[in-house]
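Listed in TrEMBL for this protein:
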TRANSMEM  24-44  transmembrane segment
TRANSMEM  56-80  transmembrane segment
TRANSMEM  101-127  transmembrane segment
TRANSMEM  147-167  transmembrane segment
TRANSMEM  179-198  transmembrane segment
TRANSMEM  218-239  transmembrane segment
TRANSMEM  251-274  transmembrane segment
TRANSMEM  294-320  transmembrane segment
TRANSMEM  341-363  transmembrane segment
TRANSMEM  369-392  transmembrane segment
TRANSMEM  404-426  transmembrane segment
TRANSMEM  432-451  transmembrane segment
């Protein structure tokens, strides 16, 4: 009887603990991966892939191989995710393996450029497609698109601040909606093929090149496809909220990546069943052009489907990128206020508000930054997977619930080096600026993190701002369960009474 009461008290104390809740099951985990990958990319990238590949056949090969490369990378991330069971993805792994500076540079580029810019582009795509039916003969007004994008981001930020369960349910529903929209494109395309409309897909025609593509152009085609596949690693950003992560993290990856690859390949085949390569290259909205040609009076379905797809993508990016800020603050690389969660909702409200603010500031001329995003994305993937090999050598006896064959990370890194090498050769200015953006974090790191003997007034200001932020957002440091903390991850065990005593650095 006493044992039962003791277990009941332990269960009650765990449920009352102020910490991130494990509410992401296998279905929601798959929805996070699929929902983050399938955003606006599949409706934008086909044009860029075809333009650089130079033929229909080679562009389809790029789409299939792009999914295969993501599968290799995701298997490496599955091992890292269960070996270093911390939220924060690439940043947490690189910080644990290579130290604070390398981790901070990834965090800096992600928080400053990668995720805000991607989120802003997706939000603008959402607003453009929603407003398009109202402005059929002209482009939607600049102010209207920016205002709707901002409202969308603020609404989804409020949802994510209110409940993890609400956010994951939105992700589940809109992921199903995305797959249904792409299923419609695929089914209509297959009907066209069955009717004999597949001239562009005949081998004799599909591999006709207007001019022989260079290796650099093929590398750029892969880089364009990578924009559509980006997000495959996002479940690793919320590992601490996944139910039984050692089981569900790899399962979700193994289910989602092949499914997305199949859907993307069939979607591109469907596009070519109704459009010639010239028509696809001339279109600025491939799915809309597809709908206008084949759906007739129901062509309005395509803009609505794209809007729903991007809405779910915004929710997924907000959910995961806020956890990156949360993880960075917990390591002392960002203000500690961002490492706090709501006392009742157990959601990282300061991190979500910070993410939303940066995104809204980025809404504007973001297209010049998209190329930098893809380059920095791939750079962070390569550094992280190189960290897997380094960790194998540095800690060979470390417990690894999943241990992939060495050929998998080596194959990925060979492809990664070739891709970035030829991309740098073909677009030196874009890739060079991407590196410069990342390296601007070096002085910030040494001033904000490494410089410990700051003037006392700085600490007082930070303490005051943190205290005010706590009162406004009703947040405290999360209380970690020592029994769930892995030996490898030396996490700080925060308690509500350690709010002010834990503030030791400016960033």
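Counting starts with 1 at the first residue shown.
Placement of Cβ uses the backbone N, Cα and C atoms for every residue, glycine included.
Source: prediction; values computed, not measured.
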How about the transmembrane segment (179-198) and the transmembrane segment (432-451): at least 3 CB pairs under 8 Å, pairs 6 or more apart in sequence, or not? no
Contact count check, CB pairs under 8 angstroms to the transmembrane segment (432-451), set 101-127, 147-167, 251-274; argmax is 101-127
Mark yes when the transmembrane segment (404-426) and the transmembrane segment (341-363) have three or more Cβ pairs under 8 Å (sequence separation 6 or more) and no when they do not. no
Distant-in-sequence neighbours of the transmembrane segment (251-274), which means Cβ under 8 A and at least six residues beyond its ends: 26, 29-30, 32-34, 37-38, 42, 46, 56, 59-60, 63-64, 66-68, 70-71, 74-75, 77-78, 179, 182-183, 185-186, 188-190, 192-193, 197-198, 200-201, 228-229, 232, 235, 280, 286, 290, 293-294
Near the transmembrane segment (56-80), which same-chain residues lie under 8 Å Cβ to Cβ, leaving out any that are not at least 6 residues past its ends? 46, 49-50, 89, 93, 200-201, 203, 205-207, 209, 213, 218, 221-222, 225-226, 228-229, 232-233, 236, 249-250, 253-254, 257-258, 260-262, 264-265, 268-269, 272, 277, 381, 384-385, 387-388, 391, 400, 402-404, 408-409, 411-412, 415
Using Cβ atoms and a strict cutoff of less than 8 Å, what residues sit near the transmembrane segment (404-426) while being 6 or more residues removed from its termini? 69, 72-73, 75-76, 78-79, 214-220, 222-223, 375, 378-379, 381-382, 385-386, 388-389, 392, 432
Taking pairs 6 or more apart in sequence, does the count of Cβ pairs under 8 Å between the transmembrane segment (294-320) and the transmembrane segment (369-392) hit 3 or more? no
